[in-house]
Amino acid sequence: MVSIRPDEISSIIRQQIESYDQSVQVSNVGTVLQVGDGTARIYGLEQVMSQELLEFEDGTIGIALNLEEDNVGAVLMGDGFGIQEGSTVKTTGQIAQIPIGDAMVGRVVDSLGRPIDGKGPISSTATRLLESPAPGIIERKSVCEPMQTGITAIDAMIPIGRGQRELIIGDRKTGKTAIAIDTIINQKSEDVICVYVAIGQKASTVAQIIDTLTEKGAMAYTIVVAANANDPATLQYLAPYTGATLAEHFMYQGKSTLVIYDDLSKQAQAYRQMSLLMRRPPGREAYPGDVFYIHSRLLERAAKLSDALGGGSMTALPVIETQAGDVSAYIPTNVISITDGQIFLSTDLFNAGFRPAINAGISVSRVGSAAQTKAMKKVAGKLKLELAQFAELEAFSQFASDLDAATQAQLARGQRLRQLLKQPENSPLSVWEQVAISYAGLNGYIDTIPVDKVTEFAQGLRDYLKANKAKYVEIINSSKALTDEAETLLKEGIKEFTQGFAA
């Protein structure tokens with residue numbers, strides 16, 4: 001027979017009483033009333049925050065968007081096929097956040113920071129909220145450093161500075177993405193962390209871009225965020241904020257970053273789809289009333305931080321696709337008004353073989369000229385004016401039969417300058433190369449070269465200077481200024497090469 005010891009029993013009871021946890025865990029649970037088309041209506045979620053993450057019974061995550069009197073409207077971050085009417089939903093107490101850190105560099109992730117490149121999990125413990133407030137007025141400083149794109153037409157006429165927002169706008173198939181990718185490739189020696197955000201694009205297109213970046217060695221400093229065309233509208237809407245959050249982490253560490261949103265038209269369409277399904281009232285072109293705000297709060301996060309905060313920067317290159325060149329549509333005008341300038345790509349120029357097909361007349365950079373390198377500012381100051389006057393004369397000369405010698409000379413130079421600015425894809429130029437060809441074009445050295453030989457001349461001149469005028473290359477690379485010595489060397493080099501080329 002087992003002997004029962006009262007003191008032992010009382011000590012066990014005492015232990016149980018002492019270790020009793022009085023805390024009450026409240027679980028906020030609701031019921032799905034209706035689900036479909038990537039949205040759900042939920043009844044019974046009494047205490048839920050706007051934009052809070054919700055967890056459905058099958059593990060799908062949603063975001064609470066509409067907080068109404070008797071129900072909550074949520075958008076889903078998955079297909080939602082496992083969610084049924086009457087199934088339960090619980091709040092998580094969290095707003096959307098993603099992992100951040102150095103481990104993200106070189107990876108391809110989705111809108112929630114989950115890896116989709118098949119290279120295994122990302123070992124990052126730090127997280128950051130997707131929606132962060134933009135830096136205030138005191139936290140910013142004026143744009144003062146150049147962001148070299150490697151594309152002569154942009155760096156000479158529409159210069160971009162670190163911390164600027166420069167819109168790339170044009171019809172489909174005019175080379176918008178090519179400009180963005182060239183800019184990433186050109187940052188190889190610049191110590192800039194790049195983030196490329198692909199919104200609503202074909203998976204094959206994104207794969208091709210990743211291959212190009214890998215081949216050029218650019219994935220070593222680039223993060224790709226992809227929300228493909230077959231992903232839910234919620235993920236396409238969140239993708240740009242994910243890109244901004246990843247770049248922000250590095251910006252506040254004092255680094256320079258570059259974010260490309262390709263393209264924000266698709267994000268606006270995804271947001272329109274979500275809003276209409278949530279029964280929000282439509283406005284112009286059926287977009288909801290706050291479609292301006294989704295872009296302004298995204299692009300305001302790009303900044304050049306003050307020295308007190310480390311002097312880091314986030315440069316944003318948003319892309320917008322126009323329909324038949326209509327820049328006055330709703331989304332294009334919205335984004336033009338938020339950004340610090342735009343690079344307009346023309347279908348006519350593209351089809352005529354002038355690539356990059358930049359229309360210099362209506363492209364502008366509002367703050368970039370303050371950040372342009374001294375050498376480029378000195379050389380290319382009148383390039384934009386020359387090309388604009390040439391375009392005007394060219395249109396006029398179609399109706400005039402006899403032109404005076406000065407007009408003919410201006411037309412001849414304009415044709416050669418336009419040829420000089422042609423540049424193949426994925427081959428950005430360094431500053432000394434851009435300065436050399438701009439100098440040759442604007443100072444009359446190519447006026448006697450046949451138009452069809454100008455591209456060949458530019459390539460040959462760059463090779464000649466690299467081989468024979470290393471001192472010029474060294475001065476430009478180190479000082480970024482066209483000193484008297486550098487200009488003398490450049491003149492000598494151009495004259496020597498021109499004589500040999502003509503012969």
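Each Cβ is built from the backbone N, Cα and C atoms, and glycine gets one as well.
What Swiss-Prot says about this one:
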- GLY170, ASP171, ARG172, LYS173, THR174, GLY175, LYS176, THR177: ATP binding site (BINDING)
- SER363: site 'Required for activity' (SITE)
Sorted by sequence, non-GLY170, ASP171, ARG172, LYS173, THR174, GLY175, LYS176, THR177 residues with Cβ within 8 Å of centre, ATP: GLU321, LEU345, THR347, PHE350
Most Cβ neighbours inside 10 Å, all chains, among the binding-site residues THR174, THR177: THR174
Candidate with sparsest Cβ neighbourhood (10 Å radius) among GLY170, GLY175, the listed binding-site residues: GLY175
For the binding-site residues ARG172, LYS176, the one whose C-beta sees the most other C-beta atoms within 10 angstroms: LYS176
Cβ neighbour count within 10 Å of SER363 (site 'Required for activity'): 22
SER363 (site 'Required for activity') versus binding-site residues GLY170, LYS173, GLY175 - nearest by Cα: GLY170
Local Cβ density at ASP171 (ATP binding site) - other Cβ atoms counted within 10 Å: 17
Intrachain C-beta neighbours of LYS173 (ATP binding site), sequence separation six or more, cut-off 8 angstroms: PHE350
For GLY170 (ATP binding site): DSSP state (helix, strand, coil): strand
